[in-house]
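Remarks on the structure that follows.
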Amino acid sequence: MTKLKPWWLAIRPKTLPASISPIILGTALAYQIGFFDGLLFALALCCALLLQIAVNLANDYFDARSGVDTEHRLGPVRVSQSGLVSPEIVKRALIVVSLLAVAAGIALSWLSSWWLLAFGVGAVVAVFIYSGGPWPLASNAMGEITVFFFFGWLAVGGTYFALAGSINMHVLGFGTVAGLLSAAIMLVNNIRDIPTDSVAGKHTLAVILGDHRARMAYRLLLVAAILVHLVVSFPHGLISVIPLVFMAPLFRRLAVDINRLEGKQLNTLLAQTAKLELFYCLLASAVLVVI
């Protein structure tokens, strides 16, 4: 294994589209009403990517330190737990990436609005308390709510605000769809980990609901995302249905697969749900730009 391979595993590149797709959607919403700035867009993308990488490093470090990650883990390899990289080195990388995210956030705030700095500070704090601290959000049924807010309302709404200088319910509606799909990604992750999380004492939403009801909740998130999209897109006419038409087969397959896949098989569903969010944001963005 090359020296860079463990770090490639640590940043978990398959999770990165979930961080940039809401930024693209927020940008498309601003572009639709005549606001676009390439530099602000690039800085928003940098912030999102760096924060996602920081979250992944934080999860790797804190879960290894707390003993949550073991050799029985069903998800992707964690470099701290597996010994590929020492926890102390991962911690240093986490601090460096977080500082880079702060720098990008300050630049974005300076060029757009200092109100964005408050959101940025909240995002950085969330990186560390999501899986660390005395009351980790991820271990106390707050994972889905956290990603809904940060990958939905904050990512879409914050990007729109940075470009257009305002916010409205229409934008938050699209942010709600992105947030619901992000929450679905997190829920699949937690359904897969119910056996190991239960032993480790993590009280995720999936552990609390139980396997059957958690799978029902996943389907409800998909249905809710479809319904919210129809509501917020209604003013745009029939063209707004295009994303759902193209994605209907994927929605249907995921709704079926959640009932039949078990254990490590759920990693496939996790990846497919992430693709669902990416495709939705890209298709919705394309429609918004065209109309």
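Glycine too: its Cβ is placed from the backbone N, Cα and C atoms.
Where the annotation comes from TrEMBL, it is an automatic prediction and has not been curated.
Source: prediction; values computed, not measured.
What TrEMBL records for 40-58 (among others) is transmembrane segment. If one looks beyond the transmembrane segment (40-58) by at least 6 residues along the same chain, the residues whose Cβ comes under 8 Å of a Cβ in the stretch are 10-12, 15-16, 18-20, 22-23, 26-27, 90, 93-94, 97-98, 100-101, 104-105, 107-108, 111-112, 120, 123-124, 127-128, 130-132, 155, 158-159, 162-163.
The transmembrane segment annotation in TrEMBL covers 89-108 (among others). Remote same-chain partners of the transmembrane segment (89-108), defined as residues 6 or more beyond its termini with a Cβ less than 8 Å from a stretch Cβ, comprise 7, 10, 40, 43-44, 46-47, 50-51, 53-54, 57-58, 60-61, 64, 79-80, 116-117, 120, 123-124, 127-128, 162.
The transmembrane segment annotation in TrEMBL covers 114-133 (among others).
Look at TrEMBL and you will find 145-163 (among others) tagged as transmembrane segment. Sequence-distant neighbours of the transmembrane segment (145-163) (same chain, 6+ residues past either end, Cβ-Cβ under 8 Å): 18-19, 22-23, 25-27, 29-31, 35-37, 40-41, 44, 48, 108, 112-113, 115-116, 119, 122-123, 126, 130, 137-138, 171-172, 174-180, 182-183, 185-186.
Taken from TrEMBL, the feature transmembrane segment covers 169-188 (among others).
Positions annotated as transmembrane segment by TrEMBL: 220-249 (among others).
For the transmembrane segment (114-133), same-chain residues at least 6 beyond its ends with a Cβ under 8 Å from one of its own Cβ atoms are 47, 51, 54-55, 58-59, 61-63, 68, 94, 98, 101-102, 105-106, 108, 139, 143, 146, 150, 154, 158, 161-162. Remote same-chain partners of the transmembrane segment (220-249), defined as residues 6 or more beyond its termini with a Cβ less than 8 Å from a stretch Cβ, comprise 170, 173-174, 176-177, 180-181, 183-184, 187, 255, 276, 279-280, 283-284, 287-288, 290-291. Sequence-remote contacts of a segment are chain residues at least 6 beyond its ends whose Cβ falls under 8 Å from one of its Cβ atoms, and for the transmembrane segment (169-188) they are 18, 21-22, 25-26, 29, 143-145, 147-149, 151-157, 160, 205-206, 214, 217-218, 221-222, 224-225, 228-229, 231-232, 235, 258, 266, 269-270, 273-274, 276-277, 280-281, 284.
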